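This report concerns only the one structure given below.
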């Protein structure tokens, strides 16, 4: 029942409707496909039509449906997509940023913030799964916003997302260079910046496959190390640490009692929401990656379900252990830099477990580089989608034979030298303002995804479709997306409150008050500015639900009867298989 056919492009090209030209990369040399020849940099002559069309018997013109696909090639395998979802966003925010968050919010404060953002992210990724399986289009959620929301809002959100990753790239390179200085060395800081920049360039040459393989193996390392830390942390909390370390006796929840569970009360909780959001940034990348996966219907459900396990096991459990091992008054949480301020490294230093602190520092360094590559991937794909929809110069729509959006990748990589600003006398001040551009960007992206899901469901119903037709339905339905919208608005309000009345009190100087506010809230006026520019430029208005195009880019055409028959067949599977599918797979 419902066997999906992977249609060969060669048979389509030679079929009864030869008017569509499909590009067959397999005819190129292997070196061209991986991006290592001059030929690989030439423009791809057309789409590969490589996405599976589910329910192809229900469409009149299969060739047209297959041709309505991204120029990017479908090189990602299910294992790549799964690890991007499970471990792709584990990086600076968790390993380093959680230290300052612990100092500001206390152990209970960081748990509340990460839990709330995590629950919201589960709903966001469920919404991504529902829409991306149906519409695995170039640009993912940006393109959805053009279709389901408002083209002007999509323009603002898209450019906001591009600049977010463009600015985070030099930030990650800076953190990587700082992390290496955990080990004494005589290499200049600027040289480390250059080394890490070149490392990202080299991996980027290999395009989608290079990013996917790097994410897979780095995510495996991050997951192994974090799980190892959790197990060691449990032993240390119970007093099983080395005799010469700080955890040679049972400590239990003593740090929750003294100095306490909350560092700055309600204000402390509000202050760590953005740090929590930053640590989860990149979770939405699975929505972009869907367009480079041959069969999102089979690979996306497992990927989005992996988000739940990452949030519950990796984030919540590891932060609980950190809160038990370290008091929020620990000086190194705020006085250190890079890995020196990582609560994970600090805890292992106190435990006196030889070698593990170095292993964790290596993991932090690799994680930071991994996020740097995610910056290039996410920023370039969104910039290409902006160009394809007329909201960016057409040159950025260029995709080469190795499936690299070449000029978009170059544009994002050119932001990396901003990391050298840190070498200037006032470099840190300038760099902080640049980083402020990305402060709330992720929240706006997640807000747009939730709104897209709400509008999609409305259009789907108004145009006479049944939810039974959907190959994957978000666990929380439309109410999960409404929960996400409400929570994101509350977080934005909380950040406005902190921007005006920061932890530690309001500065005496009005100038410093204004600086503190805009360093927290700069992204908001930037988004408003782009929204106004979009309205003036395109003068496009939102479409009514019955006017929304639900067919363009659609890759699942099963009827409600076919889907219900398929679900009935799967319900006959043994219980253990049904449980496994519910928790991990499709």
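Indices start at 1 and increase along the chain as displayed.
Keep in mind that glycine also has a Cβ here, set from the backbone N, Cα and C atoms.
It should be emphasised that the depicted structure is a prediction, and the values quoted were computed from it without experimental measurement.
Feature list (source: TrEMBL):
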| type | residues | note |
| --- | --- | --- |
| DOMAIN | 80-540 | domain 'Amino acid permease/ SLC12A' |
| TRANSMEM | 81-105 | transmembrane segment |
| TRANSMEM | 111-137 | transmembrane segment |
| TRANSMEM | 158-183 | transmembrane segment |
| TRANSMEM | 189-211 | transmembrane segment |
| TRANSMEM | 223-242 | transmembrane segment |
| TRANSMEM | 262-286 | transmembrane segment |
| TRANSMEM | 307-328 | transmembrane segment |
| TRANSMEM | 406-424 | transmembrane segment |
| TRANSMEM | 430-454 | transmembrane segment |
| TRANSMEM | 475-498 | transmembrane segment |
| TRANSMEM | 518-537 | transmembrane segment |
Problem set entry | Stretch-level contact, the transmembrane segment (111-137) and the transmembrane segment (223-242), CB cutoff 8 A, at least 3 pairs | no
Exercise. For the transmembrane segment (158-183), which stretch among 81-105, 307-328, 406-424, 475-498, 518-537 has the most Cβ pairs under 8 A?
Worked result: 406-424
Seminar exercise, completed: Long-range Cβ contacts under 8 Å made by the transmembrane segment (307-328), restricted to residues 6 or more beyond its ends, are 85-87, 90, 94, 98, 102-108, 110-111, 114-115, 118-119, 121-122, 125, 223, 226-227, 229-230, 233-234, 236-237, 247, 251-253, 255-256, 258-260, 263, 279-280, 283, 343-344, 346-347, 350
Exercise. Do we see three or more Cβ pairs under 8 Å linking the transmembrane segment (81-105) and the transmembrane segment (475-498), pairs being at least 6 apart in sequence?
Worked result: no
Exercise. Does the transmembrane segment (475-498) come near the transmembrane segment (406-424), with 3+ Cβ pairs under 8 Å (pairs 6 or more apart)?
Worked result: no
